[in-house]
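Chemist: Here's a structure for you.
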Amino acid sequence: MSTLAPLRLLREPSNASEGNQSNTTVGASGGWCQGLDIPNELFLALGLVSLVENLLVVAAILKNRNLHSPTYYFICCLAVSDMLVSISNLAEMLFMLLLEHGMLVMRPSIVRHMDSVIDMLICSSVVSSLSFLGVIAIDRYITIFYALRYHSIMTLQRAVVTMASVWLASTISSTILIINFSSNTILLCLIGFFLFMLVLMLVLYIHMFALARHHLHSISSQQKPPTAHRGGSLKGAVTLTILLGVFFICWGPFFFHLILVVTCPTNPFCTCFFSYFNLFLILIICNSVIDPLIYAFRSQELRRTLREVVTCSF
């Protein structure tokens, strides 16, 4: 896939190209260094699936008043962020294809401005998506450990302030990133943000996992078999494991790529890893497809509303 300026720099840093020239023998010796040839159609298909899925989530939450709560508002914002990931990917793909096939003719200055707008949309969607994953983890933690005080802690006003703060911070940080995309300091800040979110989710979800395990142990020590409660606790523990696994698998390779861009851009093994950048983008888009299945579609109320939305559409 052809990428725009900052993403092209991340895929193959300028100093890495010099390293490639000086290590051609090492690079040529491994076939795995050739990367993967991912067709544009796959990017388009995943982007469309993600767009439809998340659009349905947003429509269902807006339609059903029973879903007008901070928890579902956060899920709605995550769906909007994932939609932006899909829209930015589709916009970038179509823009580049039209330019490459001569169907769209623009002055270089306009192309640069379009580059900046699309790249800012991409970066903003990535940052906001990561942020709302963290916000949802905090919200679930409060729901479990402070259930009786949840409505006094997570008021609608605080939820609105949290959502507005995330969107504002995402827009400002993405603008700074696009303006200074060649600076390693900016990349380090982005890496640090990902590691912070990873540690935050690990701590919160492991604590919740420990609580689910404690419930299972308490139930097992009793003589009577409350299978429904035990099944619910086990289901919650499995869900938390899936959440962490999907988050790490989908986001980890991209940010590991950024770490290598900063630490070893000319190393031949790092440059081989750079050749799989499109695969890492595919994983991020896959995360936008998987998020609704984990966070939204598990709700029976939301699934019922989704059926109504789909039925009314046809």
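Placement of Cβ uses the backbone N, Cα and C atoms for every residue, glycine included.
Pasting the feature list from TrEMBL:
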- 53-295: domain 'G-protein coupled receptors family 1 profile' (DOMAIN)
- 42-62: transmembrane segment (TRANSMEM)
- 74-97: transmembrane segment (TRANSMEM)
- 117-138: transmembrane segment (TRANSMEM)
- 159-179: transmembrane segment (TRANSMEM)
- 185-212: transmembrane segment (TRANSMEM)
- 233-256: transmembrane segment (TRANSMEM)
- 276-297: transmembrane segment (TRANSMEM)
Chemist: Short question: most Cβ pairs under 8 Å with the transmembrane segment (276-297), which of 74-97, 117-138, 159-179?
Modeler: 74-97
Chemist: Same chain, outside the transmembrane segment (42-62) by at least 6, Cβ under 8 Å from its Cβ: which residues?
Modeler: 1, 68, 72-73, 75-76, 79-80, 82-83, 85-87, 89-90, 93, 281-282, 285-286, 288-289, 291-293, 296-297, 302, 305-306, 309-310
Chemist: Residues of the same chain, at least six outside the transmembrane segment (74-97), with any C-beta under 8 angstroms of its C-beta?
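Modeler: Same-chain contacts beyond the ends: 1-4, 40, 43-44, 46-48, 50-51, 54-55, 57-58, 61-62, 104, 114, 118, 121-122, 124-126, 128-129, 132-133, 135-136, 139, 159, 162-163, 166-167, 281, 284-285, 287-288, 291-292, 295-296.
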